Amino acid sequence: MHKASTSSANRANFQGNHKTQKSPNNGKAKAKKSPNTDINVADVEMLLNPRSNLTKEQKERRKMMEGFVTKTFERAENESDGSDIDTSASTSNKGKSKAARPTDRKRRLQAEDSPPADANNNNTKNGKDGKVSKESASTQGASATKRKPPRSQGLEHTSPIQVDGEALACPLVRKSLPAAGASGASGPAKSCPLPEKRKSLPAGAAKSKSQVIKQEALEEASNEAQLLALPIETHKTDSIEEGRRVLQWLLNPIKVNHFFDDFWEHTAFVVQRKNPHYYSKLISFKMIDEMLVRHRLDFTINVDVTTYKNGKRETLNPEGRALPPVVWGLYSEGCSIRILNPSTYLVGLRQVCSIMQEFFHCLVGANVYLTPPNSQGFAPHYDDIEAFVIQVEGRKRWRLYEPPSGSDQLCRNSSSNFDQEQLGEPILDEVLEAGDLLYFPRGTVHQAITEEEQHSLHITLSVYQQQAYVNLLEKLMPIVLKKAIKQSVALRRGLPLHTFHVLGEAQRANRSDSRNQLVENVQKLVTKHLMPSAQDIDEAVDQLAKKFQHEALPPIILPEEQVRTVFGSRSTADEQGNAICDYEFDTKTSVRLLRANILRLVTEEDGSVRIYHHVDNGFEYCKYEPIFMEILPEEAAAVELLISAYPYYLTVGQMPLDSAARKVEVVTALWERGLLMTEKPFK
């Protein structure tokens, strides 16, 4: 390569006979020094050795030499046409950055020369703040220093991380962490083997299994407006349509209808926007730091620390709280950080999830993944969710593969880890940049790795977990069977005495008439008595909906909604100490449900009627037991009317109850539980 030949020539010039060359003018006039003779070095090998004890002057010379070599490489690359010219097997490495070697050498020498306070390499690169580019020796080649099992949580030689020019609260952990380049490896630092360059797919394969959609960059203000702009009268909006609006913002430029017709559950795609700020309001490096400082997040419960090296995935979670210095120390060692429930602490992300769950009628979960440069945190695997990968910062290369078998397509459970040898050709191989979106269906095998000098921060939104027909049938068939047992004597009759002798795995080769007769009888019983009715299906769907009410995030109450709900109510006391409420209903008061899916009306097996809701759910997954209120059977008609009328308002007098007092009583009870909203504020 150009880099190798240039380096050899320079090295030869430095190592000659150490005699000062005469100028072209025979010493009469001092010739201008050339770049190759500007640095007079006594012993280049000593200067290149990071363990050498150098004087101040020698350190300055080493910096000069390093700067010269780096400029030489940059000049050589600028003169090239951008392609790799592989002329030396010892310097070629397929898939690596062309500037990997000089950049790594520069980083190693800077780490050796810098004082301890700068050992974190917090300097910004290319004018961009917040890019953590340091790689510890534990992430370098085969001779790298091995990480010791006990991990210190103490601090030595720390300095704050800089983001947007501000020092964050957490210093990087330096105790027990080796300096970059200490291993002495000659190649670039690696936390895992770089993947081979992508191979071309068979004709038509990429089109049938994945697509890449490019969107022209829009103005940043217009992008934010699509998400943040609310209707003038938010108390009159339809929460399902609001969920569609947020999904449309997520998918742009793909239309929601197009998405469900052409991609949903069968085809992966990437949206490339060239707009790094498209999702930047949802999360950032600085937000994660603030989250760790302000809240108690525990390893394993809220935070996972993972690595994937040499084909092996490891979880390296310490015990206890995920304190910022510990998290960033592990991150600086090359570990990936996964935050399991960020919507608990980030209001903007929680709002996106809570609005989208109205559209999907299921929990919308979110995980955050922060990966250092040239790292992979997870082995190839597939998940049991429809995944929307939102790239917020940096870059990450994603490779998707077909489900291993037909039974893995639209899988019900996530897989174990796959070996690289088990994977075929990728159906999609793309690098996500900030502002890009990747969607893939459940059962799609995937893996992702960051690039040299590029970290990655992305959010994975997950929907439709355990939301398939089979989940409905699991609820439905026990209901059908239980009713059929009561109604059919044939199902309650005893089995023939010879059943065990003609049926079973050991009897599969049995072709007797008695065996065939028994098989036919069982099939007839199922066909005749286990066909579900519409009422049975309704009951089963209610059971699934109860599960959603238990899992769902609580709604975020907007200011215009707050003054119309119990959450904006304030009570006072009179002179005698009696509580005085600031609201009062009458038959002319107009009300509606707070959200389309805020409640579920369910008749239980014992005949009781309950309203399950998620108004008071916690931010953590299923933090509380299912929340419900019990009503009288005759009051269910009023709730059914409110459900069918949404998003429109009804007056209290329109409730199908026998008296005005009863109507006011029922509506007041629902409003006080946070389930209803009035058209006009009481104040």
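Using N, Cα and C of the backbone, Cβ positions are placed for all residues, glycine too.
Remember, predicted model here, so these are calculated numbers, not experimental data.
Swiss-Prot lists HIS381, ASP383, HIS446 with the feature Fe cation binding site. Here Swiss-Prot flags 1-26, 85-94 as compositional bias 'Polar residues'. Per Swiss-Prot, compositional bias 'Basic and acidic residues' is recorded for 54-65. Marked as compositional bias 'Basic residues' by Swiss-Prot: 95-108. According to Swiss-Prot, the compositional bias 'Low complexity' annotation covers 116-125, 179-189. The annotation domain 'JmjC' is assigned in Swiss-Prot to 341-480 on the grounds of sequence analysis. Marked as phosphoserine by Swiss-Prot on the basis of similarity to another entry: SER152, SER159. According to Swiss-Prot, the phosphothreonine annotation covers THR158, on the basis of similarity to another entry. Summarising the annotation, Swiss-Prot assigns region 'Disordered' to 1-162, 179-208.
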Which listed residue (HIS381, HIS446) has most other Cβ within 10 Å, given these are binding-site residues: HIS446
ASP383 (Fe cation binding site): tally of other CB atoms within 10 A of its CB: 20
The domain 'JmjC' (341-480) - residue tally per DSSP class, helix then strand then coil: 35 helix, 47 strand, 58 coil
Neighbours of HIS381, ASP383, HIS446 excl. site residues, C-beta within 8 Å of centre, Fe cation: PHE378, PRO380, TYR382, ALA387, SER414, SER415, THR444, VAL445, GLN447
PLDDT averaged over every residue in the domain 'JmjC' (341-480): 96
Helix, strand and coil totals (DSSP H, G, I; E, B; other) for the compositional bias 'Basic and acidic residues' (54-65): 10 helix, 0 strand, 2 coil
